[in-house]
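Okay, so here's the structure we're looking at.
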Amino acid sequence: MAGVTRPLRISRWTVAGFFALTLIYLAVQAFPQWNDNLAFYPKEPLNSIKRLSFLTFWLVTNEHVTHWLAMLSLFILDKLVHDCWSQLETLAFISFVNLSALALSATTMAFLPVDPFASLYGNAALISAATVVSTQLDPDRFLLGYGRVGLKSRHGFFCGLLLILGAALVSLVRWSSVLLYINGFIGGWFYLRFLQHHPQRKYGDHRASFAFAKFFPGPLEKWVAIPTNLIYFMLLRSKLCPSLERQSEIVSTASFAVNIPGLTSDADRHRRIALKALNERLFSKPDRSEVTEWPNLEEPDSEPSPPSKETLSGDAQSVKVDLTAQLPPASEPSSSPTPAVDVKS
């Protein structure tokens, strides 16, 4: 009997967001001036804040590649967090990613010799944020693949970066979108690493597998870890960043042995032997003359076999020596010397 295929569950908020962003995208194609009115200008930050451009910049875009990748990322994000995040938490994450990406990108462009009328708009930060969430929930998940070969979640950001850089080189996307993509990844990772609230612990995901350098291929990990660790140390000394609480990811073999039929872990076997010896001592009559012997933890789980007839016959022939029996008192030596006795053959 063929297995039942699970239906694709998509929340109504995701569907509404997809249609709203797509309608705005189509409207911008007809009215290009919408980009100028809703975009954020890094060289004029006060004017942009007065126009509330920091809330509207991510709604508009005229880049085909960025828009459709963002819509795909929106569906992927909804599928990943549908059962583990609330709608409020998802909205808070998306808002933090967009605002942090805007702040970092605007600060970078403000100190670079760029066009004074250069603007920031688009939702490229949402694309990189989806790769961060996918890596946190399942780093070994195949985003694209065939069999055992494919693109894993932990390398999704790096491959997406190569893709968007290639699109920028052929003028399919603007370089400001590349900046938003990179800073969106930084903002999303920072939120999940330090700020996300969990019921079983305080805040953040402090696992070693979720470190910043783990998002890059193996040969690049150590080169990325050096500057990131230095930046983290400086932020930690300046008290601008919370310290990490190490979380152990070591899994004992007992967790595997419990669920495997016929396989018993050493800890369980030792526990059973100790409990068995304790029960025997509690329910047996104590004997002061008996020497206390601790159980051997290396003995097998099976019950001891009864003694054979040969063993019983051998025990019957053995001699028992009672060391507690009293010896007769020794006779005192006489004061007179004992006469010598001559023995003649």
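The backbone N, Cα and C atoms fix where each Cβ goes, glycine too.
TrEMBL annotations: computationally assigned, not manually curated.
TrEMBL has this to say about the protein:
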- 54-78: transmembrane segment (TRANSMEM)
- 90-112: transmembrane segment (TRANSMEM)
- 118-135: transmembrane segment (TRANSMEM)
- 156-172: transmembrane segment (TRANSMEM)
- 178-195: transmembrane segment (TRANSMEM)
- 289-345: region 'Disordered' (REGION)
- 328-345: compositional bias 'Low complexity' (COMPBIAS)
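The stretch from 54-78, 90-112, 178-195 with the most CB pairs below 8 A to the transmembrane segment (118-135) is 54-78.
Using a Cβ-Cβ cut-off under 8 Å and counting only residues 6 or more beyond its ends in the same chain, the transmembrane segment (156-172) has close neighbours at 63-65, 124, 127-128, 131-132, 134-135, 143, 178, 181-182, 185, 215-217. Here the transmembrane segment (54-78) has long-range neighbours at 10-11, 14, 17-18, 21-22, 24-25, 28-29, 32, 34-35, 38-40, 48, 90, 98-99, 102, 120-127, 129-131, 133-134, 164, 167, 172-174, 177, meaning same-chain residues at least 6 beyond its ends whose C-beta is under 8 angstroms from one of its own.
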